[in-house]
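Peer 1: Copying in the features that TrEMBL gives for the protein in this structure:
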{"type": "TRANSMEM", "residues": "30-47", "note": "transmembrane segment"}
{"type": "TRANSMEM", "residues": "53-76", "note": "transmembrane segment"}
{"type": "TRANSMEM", "residues": "88-108", "note": "transmembrane segment"}
{"type": "TRANSMEM", "residues": "114-137", "note": "transmembrane segment"}
{"type": "TRANSMEM", "residues": "149-169", "note": "transmembrane segment"}
{"type": "TRANSMEM", "residues": "175-196", "note": "transmembrane segment"}
{"type": "REGION", "residues": "231-270", "note": "region 'Disordered'"}
{"type": "COMPBIAS", "residues": "232-242", "note": "compositional bias 'Polar residues'"}
{"type": "COMPBIAS", "residues": "248-267", "note": "compositional bias 'Basic and acidic residues'"}
Amino acid sequence: NLVSIFVYLAPLPTFTRICRSQSTLGFQSLPYVVALFSAMLWMYYAFLKQNAILLISINLFGCIVETIYVSVFVFYASKEARKHTAKLLASLNVGCFFLVFLFTLFFFKGPIRISVVGWVCVAVSVSVFAAPLTILFQVVRTRSVEFMPFTLSFFLTLSAIMWFAYGLFQRDWCVALPNVFGFFLGLVQMTLYGYYKKAKDKIPVLKTEKKLPEHVINIVAIGKTLEVHPVDSSQTNSSGSDTDAAEDEKKHEEQESDDEVKSHEKGVVCLPPPGPDEPCSLVNAVMCPTEPAVLVICAA
(Lines of atoms letter the chains of each structure in order from A and count residues from 1; the text may use other names and numbers.)
(Lines give C-alpha, C1' and ligand atoms only; values in the text may rest on other atoms or scores of the structure.)
Protein backbone atom coordinates (compact mmCIF):
# COMPACT_ATOMS: atom_id res chain seq x y z
CA ASN A 1 0.00 0.00 0.00
CA LEU A 2 2.84 2.41 0.81
CA VAL A 3 4.37 1.91 -2.64
CA SER A 4 0.97 2.33 -4.30
CA ILE A 5 0.49 5.61 -2.44
CA PHE A 6 3.72 6.88 -4.02
CA VAL A 7 2.40 5.76 -7.41
CA TYR A 8 -0.74 7.86 -6.96
CA LEU A 9 1.28 10.84 -5.71
CA ALA A 10 3.92 10.65 -8.46
CA PRO A 11 2.00 12.99 -10.85
CA LEU A 12 1.94 15.78 -8.23
CA PRO A 13 4.86 17.71 -9.84
CA THR A 14 3.05 17.59 -13.17
CA PHE A 15 -0.14 19.07 -11.74
CA THR A 16 1.87 21.65 -9.82
CA ARG A 17 3.23 22.85 -13.16
CA ILE A 18 -0.29 22.85 -14.61
CA CYS A 19 -1.57 25.02 -11.75
CA ARG A 20 1.33 27.48 -12.02
CA SER A 21 1.07 27.88 -15.78
CA GLN A 22 -2.76 27.68 -15.75
CA SER A 23 -2.57 25.36 -18.74
CA THR A 24 -2.53 21.59 -19.31
CA LEU A 25 0.84 21.96 -21.13
CA GLY A 26 -0.03 19.27 -23.66
CA PHE A 27 -0.75 16.55 -21.10
CA GLN A 28 -3.66 14.15 -21.62
CA SER A 29 -6.43 13.16 -19.22
CA LEU A 30 -6.77 9.56 -20.45
CA PRO A 31 -4.30 7.95 -17.96
CA TYR A 32 -6.01 9.57 -14.97
CA VAL A 33 -9.55 8.78 -16.10
CA VAL A 34 -8.63 5.14 -16.70
CA ALA A 35 -6.81 4.96 -13.34
CA LEU A 36 -9.95 6.27 -11.61
CA PHE A 37 -12.08 3.67 -13.38
CA SER A 38 -9.67 0.91 -12.34
CA ALA A 39 -9.70 2.02 -8.69
CA MET A 40 -13.51 1.99 -8.66
CA LEU A 41 -13.64 -1.55 -10.05
CA TRP A 42 -11.01 -2.85 -7.62
CA MET A 43 -13.01 -1.43 -4.71
CA TYR A 44 -16.07 -3.30 -5.97
CA TYR A 45 -14.00 -6.48 -6.28
CA ALA A 46 -12.58 -6.04 -2.75
CA PHE A 47 -16.08 -5.62 -1.25
CA LEU A 48 -17.27 -8.80 -2.96
CA LYS A 49 -14.24 -10.83 -1.91
CA GLN A 50 -14.30 -9.72 1.76
CA ASN A 51 -11.31 -9.55 4.10
CA ALA A 52 -9.43 -7.45 1.52
CA ILE A 53 -8.66 -4.40 3.64
CA LEU A 54 -5.51 -3.59 1.71
CA LEU A 55 -7.36 -3.51 -1.61
CA ILE A 56 -10.18 -1.39 -0.20
CA SER A 57 -7.94 1.18 1.50
CA ILE A 58 -5.50 1.75 -1.34
CA ASN A 59 -8.18 1.96 -4.02
CA LEU A 60 -10.26 4.34 -1.92
CA PHE A 61 -7.20 6.56 -1.67
CA GLY A 62 -6.70 6.18 -5.42
CA CYS A 63 -10.28 7.23 -6.18
CA ILE A 64 -9.87 10.42 -4.15
CA VAL A 65 -6.51 11.36 -5.66
CA GLU A 66 -7.48 10.60 -9.26
CA THR A 67 -10.70 12.59 -8.85
CA ILE A 68 -8.62 15.58 -7.77
CA TYR A 69 -6.28 15.14 -10.73
CA VAL A 70 -9.12 14.98 -13.23
CA SER A 71 -10.83 18.01 -11.65
CA VAL A 72 -7.65 20.09 -11.89
CA PHE A 73 -7.13 18.98 -15.49
CA VAL A 74 -10.68 19.92 -16.49
CA PHE A 75 -10.39 23.30 -14.75
CA TYR A 76 -7.30 24.35 -16.74
CA ALA A 77 -8.02 22.47 -19.98
CA SER A 78 -9.20 23.99 -23.22
CA LYS A 79 -12.78 23.67 -24.42
CA GLU A 80 -12.04 20.70 -26.68
CA ALA A 81 -10.01 18.92 -23.98
CA ARG A 82 -12.86 19.40 -21.51
CA LYS A 83 -15.33 17.85 -23.92
CA HIS A 84 -13.01 14.91 -24.54
CA THR A 85 -12.51 14.35 -20.80
CA ALA A 86 -16.24 14.60 -20.15
CA LYS A 87 -16.90 11.93 -22.78
CA LEU A 88 -14.31 9.64 -21.20
CA LEU A 89 -15.80 10.09 -17.73
CA ALA A 90 -19.32 9.49 -18.99
CA SER A 91 -18.39 6.37 -20.95
CA LEU A 92 -15.94 4.72 -18.53
CA ASN A 93 -16.55 5.91 -14.99
CA VAL A 94 -20.31 6.13 -15.29
CA GLY A 95 -21.49 3.97 -18.18
CA CYS A 96 -19.06 1.03 -18.04
CA PHE A 97 -18.91 0.88 -14.25
CA PHE A 98 -22.67 0.72 -13.79
CA LEU A 99 -22.91 -1.74 -16.68
CA VAL A 100 -20.44 -4.09 -14.94
CA PHE A 101 -22.14 -3.57 -11.59
CA LEU A 102 -25.65 -4.30 -12.86
CA PHE A 103 -24.55 -7.17 -15.11
CA THR A 104 -22.71 -9.02 -12.32
CA LEU A 105 -25.38 -8.22 -9.75
CA PHE A 106 -28.30 -9.74 -11.66
CA PHE A 107 -26.65 -12.50 -13.70
CA PHE A 108 -24.03 -13.96 -11.35
CA LYS A 109 -23.95 -14.99 -7.73
CA GLY A 110 -21.40 -16.14 -5.15
CA PRO A 111 -17.88 -17.11 -6.23
CA ILE A 112 -18.76 -16.80 -9.92
CA ARG A 113 -19.59 -13.13 -9.47
CA ILE A 114 -16.27 -12.56 -7.69
CA SER A 115 -14.40 -14.35 -10.48
CA VAL A 116 -16.14 -12.37 -13.25
CA VAL A 117 -15.51 -9.04 -11.53
CA GLY A 118 -11.91 -10.09 -10.90
CA TRP A 119 -11.21 -10.80 -14.57
CA VAL A 120 -12.88 -7.56 -15.55
CA CYS A 121 -10.47 -5.85 -13.15
CA VAL A 122 -7.59 -7.68 -14.83
CA ALA A 123 -8.63 -6.35 -18.24
CA VAL A 124 -9.03 -2.82 -16.90
CA SER A 125 -5.69 -2.99 -15.07
CA VAL A 126 -3.96 -3.99 -18.30
CA SER A 127 -5.58 -1.01 -19.99
CA VAL A 128 -4.34 1.19 -17.12
CA PHE A 129 -0.82 -0.03 -17.73
CA ALA A 130 -1.32 0.38 -21.49
CA ALA A 131 -2.64 3.94 -21.19
CA PRO A 132 0.90 5.41 -20.92
CA LEU A 133 1.70 3.80 -24.30
CA THR A 134 0.37 6.96 -25.94
CA ILE A 135 2.92 8.91 -23.92
CA LEU A 136 5.65 6.47 -24.98
CA PHE A 137 4.85 7.09 -28.65
CA GLN A 138 4.94 10.83 -27.98
CA VAL A 139 8.35 10.51 -26.32
CA VAL A 140 9.73 8.59 -29.30
CA ARG A 141 8.22 11.04 -31.80
CA THR A 142 9.36 14.24 -30.04
CA ARG A 143 12.55 12.78 -28.50
CA SER A 144 11.60 14.54 -25.26
CA VAL A 145 10.84 13.04 -21.82
CA GLU A 146 8.89 16.10 -20.67
CA PHE A 147 5.56 14.25 -20.69
CA MET A 148 6.86 11.10 -18.96
CA PRO A 149 8.04 11.77 -15.39
CA PHE A 150 10.66 9.33 -14.14
CA THR A 151 9.12 9.09 -10.66
CA LEU A 152 5.85 7.78 -12.08
CA SER A 153 7.62 5.10 -14.13
CA PHE A 154 9.81 4.07 -11.20
CA PHE A 155 7.01 3.72 -8.64
CA LEU A 156 4.77 2.04 -11.21
CA THR A 157 7.40 -0.65 -11.73
CA LEU A 158 7.99 -1.05 -7.99
CA SER A 159 4.25 -1.25 -7.31
CA ALA A 160 3.83 -3.92 -9.98
CA ILE A 161 6.50 -6.04 -8.28
CA MET A 162 4.89 -5.66 -4.84
CA TRP A 163 1.34 -6.45 -5.98
CA PHE A 164 2.56 -9.38 -8.02
CA ALA A 165 4.13 -10.81 -4.85
CA TYR A 166 0.90 -10.11 -2.91
CA GLY A 167 -1.15 -11.95 -5.52
CA LEU A 168 1.16 -14.95 -5.36
CA PHE A 169 0.98 -15.20 -1.58
CA GLN A 170 -2.81 -14.82 -1.61
CA ARG A 171 -3.12 -17.08 -4.64
CA ASP A 172 -5.19 -14.42 -6.29
CA TRP A 173 -4.32 -14.52 -9.99
CA CYS A 174 -6.55 -11.56 -10.72
CA VAL A 175 -4.15 -9.42 -8.68
CA ALA A 176 -0.91 -11.08 -9.82
CA LEU A 177 -1.33 -11.34 -13.61
CA PRO A 178 -1.87 -7.69 -14.62
CA ASN A 179 1.18 -6.64 -12.62
CA VAL A 180 3.42 -8.80 -14.82
CA PHE A 181 2.50 -6.57 -17.75
CA GLY A 182 2.90 -3.50 -15.56
CA PHE A 183 6.41 -4.56 -14.58
CA PHE A 184 7.62 -4.90 -18.19
CA LEU A 185 5.93 -1.67 -19.22
CA GLY A 186 7.63 0.16 -16.35
CA LEU A 187 11.01 -1.16 -17.48
CA VAL A 188 10.35 0.09 -21.02
CA GLN A 189 9.40 3.53 -19.71
CA MET A 190 12.54 3.88 -17.58
CA THR A 191 14.72 2.66 -20.46
CA LEU A 192 13.27 5.26 -22.84
CA TYR A 193 13.60 7.94 -20.19
CA GLY A 194 17.29 7.18 -19.70
CA TYR A 195 17.99 7.04 -23.45
CA TYR A 196 16.29 10.30 -24.45
CA LYS A 197 17.41 12.13 -21.31
CA LYS A 198 21.07 11.46 -22.20
CA ALA A 199 20.46 12.49 -25.82
CA LYS A 200 18.91 15.76 -24.65
CA ASP A 201 21.85 16.52 -22.35
CA LYS A 202 24.37 16.08 -25.19
CA ILE A 203 22.75 18.60 -27.57
CA PRO A 204 23.77 21.88 -25.85
CA VAL A 205 27.45 20.77 -25.60
CA LEU A 206 27.67 20.10 -29.33
CA LYS A 207 26.13 23.45 -30.18
CA THR A 208 28.57 25.34 -27.96
CA GLU A 209 31.59 23.61 -29.49
CA LYS A 210 30.46 24.52 -32.99
CA LYS A 211 29.71 28.16 -32.25
CA LEU A 212 33.06 29.14 -30.69
CA PRO A 213 35.24 29.06 -33.86
CA GLU A 214 32.54 30.79 -35.90
CA HIS A 215 32.72 33.92 -33.72
CA VAL A 216 36.52 34.08 -34.03
CA ILE A 217 36.34 33.89 -37.82
CA ASN A 218 33.76 36.65 -38.00
CA ILE A 219 35.90 38.99 -35.90
CA VAL A 220 38.94 38.53 -38.17
CA ALA A 221 36.85 39.14 -41.27
CA ILE A 222 35.46 42.39 -39.89
CA GLY A 223 38.96 43.66 -39.05
CA LYS A 224 40.16 43.19 -42.61
CA THR A 225 37.39 45.29 -44.09
CA LEU A 226 38.34 48.38 -42.04
CA GLU A 227 41.72 49.10 -43.81
CA VAL A 228 42.67 52.74 -44.66
CA HIS A 229 44.49 53.72 -47.87
CA PRO A 230 46.28 57.14 -47.44
CA VAL A 231 47.16 57.48 -51.16
CA ASP A 232 43.56 57.34 -52.25
CA SER A 233 42.43 59.75 -49.57
CA SER A 234 45.09 62.38 -50.53
CA GLN A 235 44.12 62.22 -54.16
CA THR A 236 40.55 62.73 -53.18
CA ASN A 237 41.42 65.75 -51.02
CA SER A 238 43.55 67.42 -53.78
CA SER A 239 40.87 67.01 -56.39
CA GLY A 240 38.36 68.37 -53.94
CA SER A 241 40.46 71.50 -53.20
CA ASP A 242 40.97 72.21 -56.95
CA THR A 243 37.26 72.01 -57.49
CA ASP A 244 36.59 74.45 -54.62
CA ALA A 245 39.12 76.99 -56.00
CA ALA A 246 37.56 76.91 -59.46
CA GLU A 247 34.12 77.46 -57.99
CA ASP A 248 35.33 80.48 -55.93
CA GLU A 249 36.94 82.10 -59.02
CA LYS A 250 33.78 81.63 -61.04
CA LYS A 251 31.69 83.23 -58.30
CA HIS A 252 34.08 86.22 -58.17
CA GLU A 253 33.76 86.81 -61.94
CA GLU A 254 29.99 86.60 -61.75
CA GLN A 255 29.97 89.16 -58.93
CA GLU A 256 32.07 91.64 -60.96
CA SER A 257 29.82 91.31 -64.03
CA ASP A 258 26.78 91.95 -61.83
CA ASP A 259 28.35 95.16 -60.46
CA GLU A 260 29.01 96.47 -63.99
CA VAL A 261 25.43 95.85 -65.04
CA LYS A 262 24.10 97.69 -61.99
CA SER A 263 26.41 100.66 -62.69
CA HIS A 264 25.19 101.04 -66.27
CA GLU A 265 21.58 100.97 -65.09
CA LYS A 266 22.24 103.97 -62.77
CA GLY A 267 24.04 106.00 -65.49
CA VAL A 268 27.35 105.92 -63.66
CA VAL A 269 30.55 104.94 -65.37
CA CYS A 270 33.53 103.91 -63.30
CA LEU A 271 36.83 104.28 -65.10
CA PRO A 272 40.23 103.26 -63.83
CA PRO A 273 42.61 106.07 -62.87
CA PRO A 274 45.02 107.29 -65.62
CA GLY A 275 48.54 106.08 -65.78
CA PRO A 276 51.57 108.29 -65.15
CA ASP A 277 52.20 108.91 -68.87
CA GLU A 278 48.56 109.43 -69.90
CA PRO A 279 47.24 113.02 -70.32
CA CYS A 280 44.52 114.13 -68.02
CA SER A 281 41.27 114.77 -69.80
CA LEU A 282 37.57 114.39 -69.34
CA VAL A 283 37.84 110.97 -70.83
CA ASN A 284 39.97 110.02 -67.89
CA ALA A 285 37.38 111.28 -65.44
CA VAL A 286 36.49 108.89 -62.69
CA MET A 287 32.95 108.74 -61.37
CA CYS A 288 32.24 106.69 -58.28
CA PRO A 289 28.95 104.75 -58.25
CA THR A 290 28.47 105.62 -54.62
CA GLU A 291 28.49 109.41 -55.39
CA PRO A 292 27.06 109.85 -58.91
CA ALA A 293 26.74 113.73 -58.62
CA VAL A 294 30.49 114.39 -58.14
CA LEU A 295 32.72 114.93 -61.20
CA VAL A 296 36.45 114.80 -60.70
CA ILE A 297 38.72 116.38 -63.39
CA CYS A 298 42.47 116.06 -63.27
CA ALA A 299 44.63 119.22 -63.53
CA ALA A 300 46.95 119.68 -66.56
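The backbone N, Cα and C atoms fix where each Cβ goes, and this holds for glycine too.
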Peer 1: Using a Cβ cut-off of under 8 Å, list the residues of the same chain at least 6 residues beyond the transmembrane segment (88-108) that approach it.
Peer 2: 29-30, 33-34, 36-37, 40-41, 44, 70, 116-117, 120
Peer 1: Counting only CB pairs under 8 A, let me know which of 30-47, 53-76, 175-196 has the most with the transmembrane segment (114-137).
Peer 2: 30-47
Peer 1: Residues sitting near the transmembrane segment (30-47): Cβ under 8 Å, six or more positions beyond its termini, same chain?
Peer 2: 11, 55-56, 59-60, 62-63, 66-67, 69-70, 73, 85, 88-89, 92-93, 96-97, 100-101, 114, 117-118, 120-121, 124-125, 127-128, 131-132, 134-135, 174
